[in-house]
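First comes the structure, then the notes that go with it.
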């Protein structure tokens, strides 16, 4: 639940270097140029995240950034957005907390062009949610699957393109499902449009899917032998584009990650081997080449048939037959007839490629199903959805795949517009909120151009119609499609045609699509002959990948790839609309993929088409937060007695009551017909802080009661265990032998300045103010803290130079790891003195709670070392001193402490040169034990007060200074990864391994080496969408919500600040000299209650004078 009472000890943005503005709503000038300049300034200083209200802008740094470790996870967990610099962890934490508190599904839509960093952003969100959510072994298993699904799906679904070295060639919507307690206990992946054509063809300079290169680089010698793995240029499919290696990708290491991921997900070793067999089989399939014999295709070299047949478990002759011929069914009248058709070379190559594409797609679907089955749960409760989908892209030659990819991105842009620009403004009108509309470009016109069914029909409808009417025709279908497009939508302002294709004016710019293969790829039909061939495999696993029932009659029009992606896109939109959305807008700063390289025109183009300027204007003029009355009352009911546990009256009046209870200014909110609208994020933060403080207070009451109950039960046993350490060895004090053990005698909850020295999640076992004696036996007070890991001695010093000169600050004097303590020495008398012995030097300390301290220290020492801590008892103790830096003659030396029988219960100390003499009267016998009777509470921190005022007196005007802030530097060690399962060495096939034939030519030999133009990498022409953006009417300078009426003069008493005061707790006011403060309540304690700049809190009355 956040940082509770120690907000000022969080690492806050004002403690680090500022670069531009964190939230672009605060920009003084709202233009594309000022947005680009702010992003550039931050990017060059390695700040890749920036806010627009709650929207996160992320610029791809093209390098590993240092702020994604355990320290940052701790920093952002439970913290409000304004407390820390912009970060993807803040957005992830907001999603997770809102899901738990509001009981609503959340989703994050990550958008941006190819190479902008969407996939990496999705990984960070999933890893953060996995890290901060709790759970036992079963939950941990689900977390492991969530995290390991990434490398597995990337291996089979990602590839290097000219724009991105790790480009997602499929779309993915990952739902992490949670129990009501916020533990991830299930998940589900929906995948969209795998670009399977990449297996058999791609642009120059690109690669196929990573798994092919991983297998060749990472397979063991035994695997290479059995799978026929050799050099990359041996395989036609890989040599097509002439690109094998990628600078920042280690295929050998990634192959081991892929195998480990399959193990974690629960894919059996036999299935893993079969998956790799199919991957190798695809590569060998590509090496089958054809020649023309009498106008028909024949296999050029039949020895290349043997290895793919062997790996896929099929007959070599059947493979040859199905690649060069096909059974076609024809109907004449009422009769059906099957005709055997021999294929030409082009058709045979197409058939071979169709089989290779189908094999890869079916394996990919198998992996997705395996992941889903491993995370399956019988019912859904709450979930967080992460949308990681291929980015908008433009290549030298753009085909059907790019058309589908850019259509999905067009739909995502529409969602953003609908929810952040259009719906927000319409909501103000519906709710009766005063508002001046802000114009923007709505890309719905482009979506309709692509997906509309009628009046006029969209491109996809026309494409499906052509495919249906020309289903038996291979040639000429693409030109027919182009002609129909020109006839039906040729006049559309966002559409143009050219001799080989058409142009769409997308929101992100003009894209030229080549018609070649459009209809064939849209049909996406796998011939029955190939399904029969794979069903004839001797391997049940491969058979299971092709479950089609070939005997069933095919009725109706077959589903096309275009209609499938359109349905998937619309289903995705429906799913996202049911969730509370969050947005990450990814920006690609350059095409070189190098850090610190900034292309101004490219970034400006993205800023324009992403609509960031309009987003800032709507956010700035509008309301940061809106909620239906009932939900608002439910969330903040705990703030007042009248609303808790339920408000009995009119919901609108209940909301107004809550807002007035926190003294929110009336110009900071409006009440609509069914919702409350809050303007400034700071006002919302005030509500959240008050709510958190209430829950924190009640939680402390419950904790205190429970701890008291547990303590009463255990303290007798604890005292007895502690006394056993000293039994028959040391005399005991009469007043302390039966006392309770408190542990915290300082009140650490009220002293965050001491907590800064301890790890944030480190438990404090013992805290007390002790006396520490130096080499001259001069006593000085120290705070002694004991945790399971370390012992701390903290002192105070006055700062001698710098901006904090004159301030007294806490200083860590000594930190000893528990296992480094050698022994502890004590006398046999009833005194409170003990010596901690350590390798370097000893510490002479005095504490009235030594018995309790020693019992806890011995327990922690045993946990760390599995040994008993040596305790030495003698009336002459040796003390080893610290070496002083006084040159070559420096020496630590030693001192002696001698104990004598004296009078009274207070020890009398007499230092004499190098000896300290301690005399004290006799105590209880050494064999004394605590009794089991009830005892009165010993001195210690009570843990609370009976009023809301600070326990300290009101501070004197300037002269007393509060302690400074120190940033917490504790970092958890990284978790070691487990051992990975060894590679599989044997194949699952009964066939004998055939010899590997020599490849006669590579794919690059078969392709014409024409030089490729790189013009497509330039910033695209903005087209009609850009023109529409430029011509949208601008609102008047004071557009948006009308200026509120001036507030009436206050009728409450006021005072003027004589001096500046910095709040030292969350319920206090900070103010500057000459500030005017409204006085709410005067109190004799010296702490008055007042209100300044919309915040109510306590302040010292001797810093002000009444007006």
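Note: Cβ is positioned from N, Cα and C throughout, glycine not excepted.
Straight from Swiss-Prot, the features:
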- 19-692: domain 'Myosin motor' (DOMAIN)
- 112, 113, 114, 115, 116, 117, 118, 119: ATP binding site (BINDING)
- 730-922: domain 'TH1' (DOMAIN)
- 933-949: compositional bias 'Polar residues' (COMPBIAS)
- 977-989: compositional bias 'Polar residues' (COMPBIAS)
- 998-1012: compositional bias 'Polar residues' (COMPBIAS)
- 1034-1051: compositional bias 'Pro residues' (COMPBIAS)
Over all shown protein chains, what is the count of other CB atoms within 10 A of the CB belonging to residue 112 (ATP binding site)?
25
When DSSP states are folded down to helix, strand and coil, where does residue 113 (ATP binding site) land?
strand
Are there residues of the same chain, six or more positions away from residue 114 (ATP binding site), whose CB falls under 8 angstroms from its CB, and which are they?
161, 163, 164, 167, 390, 391, 392, 393, 588
Please list, in sequence order, the residues in the chain of residue 118 (ATP binding site) that are at least six apart in sequence and whose C-beta is under 8 Å away from its C-beta.
110, 111, 112, 168, 388, 389, 391, 584, 586
Within the chain of residue 117 (ATP binding site), which residues six or more apart in sequence place their C-beta under 8 angstroms from its C-beta?
58, 59, 60, 61, 586, 588
Apart from 112, 113, 114, 115, 116, 117, 118, 119, which residues in this chain have a Cβ no more than 8 Å from the mean position of the Cβ atoms of those residues at the ATP site?
60, 164, 391, 586, 588
Number of Cβ atoms other than its own within 10 Å, given for residue 113 (ATP binding site):
26
Count the other Cβ atoms sitting within 10 Å of the Cβ of residue 119 (ATP binding site), across every protein chain shown.
22
Residue 115 (ATP binding site) CB neighbourhood, other CB atoms within 10 A:
24
For residue 116 (ATP binding site), the number of other Cβ atoms found within 10 Å of its own Cβ:
25
